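Peer 1: Quick one: structure below, then a few questions.
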Amino acid sequence: MTQTIRKIKIRAESHRLVKPFTISRGQKNTADVVVVEINDGVRTGQGECVPYARYGETLESVTAEIETIKPMLEGRSNKLKHPFTRDDLQTAMHPGAARNAIDCALWDLEGQQSGLTVPHRLGLQPRPLPSAVTVTLDTPAKMAQAAKQLMHNTSKKNQLVKVKLGGADGFAADIGRLSAIRDAVPEATLIIDVNEGWKPLDIISHVDALKSFNIDLIEQPLPADNDEILKDINLPFCADESVHDSNDLVHLNPGYDCVNIKLDKTGGLTEALKMLHLAREKNLKVMVGCMVASSLSMMPAYFLGLQADYVDLDGPIWLEKDRVNGLQYSHEEIVLPARPLWGWD
């Protein structure tokens, strides 16, 4: 869709978390995001992204990247002979957080200009969407207690629980964590997310032990550049750091049964939709994941989640305060408010 863009605003924000969020690569106490607003003179579209430290992104680098593309977006560049579109964006910027914020802001603006909501444009019917809830990395006892509390708060006996592993204390300690959690919540559906924290020998030597925990998915157990052995192991693996966009799917290790699509990796909803369709063609399951961020980041992913096998979009529940008209979380289901802050006319 073509639009006239008059003004683009960029700002960085920091949202305090209710408690620390810990994974194998470290701990965070705030959600640091970049927000883009694109105005056509009457309406304003918004998008939010989270700089991905794993790939060297920072608030400063993402902001600078968006500043670089501003002249083209605002029609002040002679590189284009027509108004800037989302299709132009896909070739003008590489996948990543900066493109995500702009892409989602354009989706939002287009909806307001056309009078058509995002779900209407995608042919989707919004509904309550079950989401995984995350247990972050800690001691076995504390993680088991957190998982037990999650199950106590839901009426679903098979609630999807994502467990962060890959601790610096090693694989044996992770097995101890898993054992404590499975004993505490025997009926929960478990996904474990290792964030590249294990070594090939850890998995090769403990296949039977891992199978005994009845795990639905093992997400990114090995570093993205050292995951070759997964194709020879009969366990349900999900790629996260090993796959960013649809181009990566072409060369994806056949050991993966599932891919985690995150808009901050794909560079926005446009590429994420393309990636989802290609994953289906390759008979891969799809998880829609997120960084810890507000509902402005989560809402575009929610519409992708309506088409996914697994949904992991609990980012806003980690914030002390989410945005007005954000997603609502009730009994581990995501519900749209009456007037969503993004994607509506």
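The backbone N, Cα and C atoms fix where each Cβ goes, and this holds for glycine too.
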Peer 1: Based on TrEMBL, name the residue from Asp169, Asp174, Asp240 that is recorded for the same Mg(2+) site as Asp193, Glu219.
Peer 2: Asp240
Peer 1: For the recorded Mg(2+) site formed by Asp193, Glu219, Asp240, name the remaining residues of the chain with Cβ within 8 Å of the site's Cβ center, in chain order.
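Peer 2: Residues close to the Mg(2+) site, other than Asp193, Glu219, Asp240: Lys162, Ile191, Ile192, Val194, Asn195, Leu217, Ile218, Gln220, Cys238, Glu241, Asn260, Gly289.
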Peer 1: Using DSSP and collapsing to three states, where does Lys262 (active site, proton acceptor) fall: helix, strand or coil?
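Peer 2: Where Lys262 (active site, proton acceptor) sits, the three-state DSSP reduction gives coil.
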Peer 1: Take the C-alpha atoms of Asp240 (Mg(2+) binding site) and Lys164 (active site, proton acceptor) and report the distance between them in angstrom, rounded.
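Peer 2: Their Cα atoms are separated by 13 Å.
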Peer 1: What are the sequence-distant neighbours of Asp193 (Mg(2+) binding site), meaning same chain, six or more residues apart, C-beta distance under 8 angstroms?
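Peer 2: Within the chain, Asp193 (Mg(2+) binding site) has Cβ neighbours under 8 Å at Ile23, Lys162, Val163, Lys164, Leu165, Gly166, Glu219, Gln220, Asp240.
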Peer 1: From the DSSP assignment alone, can you count helix, strand and coil residues within the domain 'Mandelate racemase/muconate lactonizing enzyme C-terminal' (140-236)?
Peer 2: 42 helix, 15 strand, 40 coil
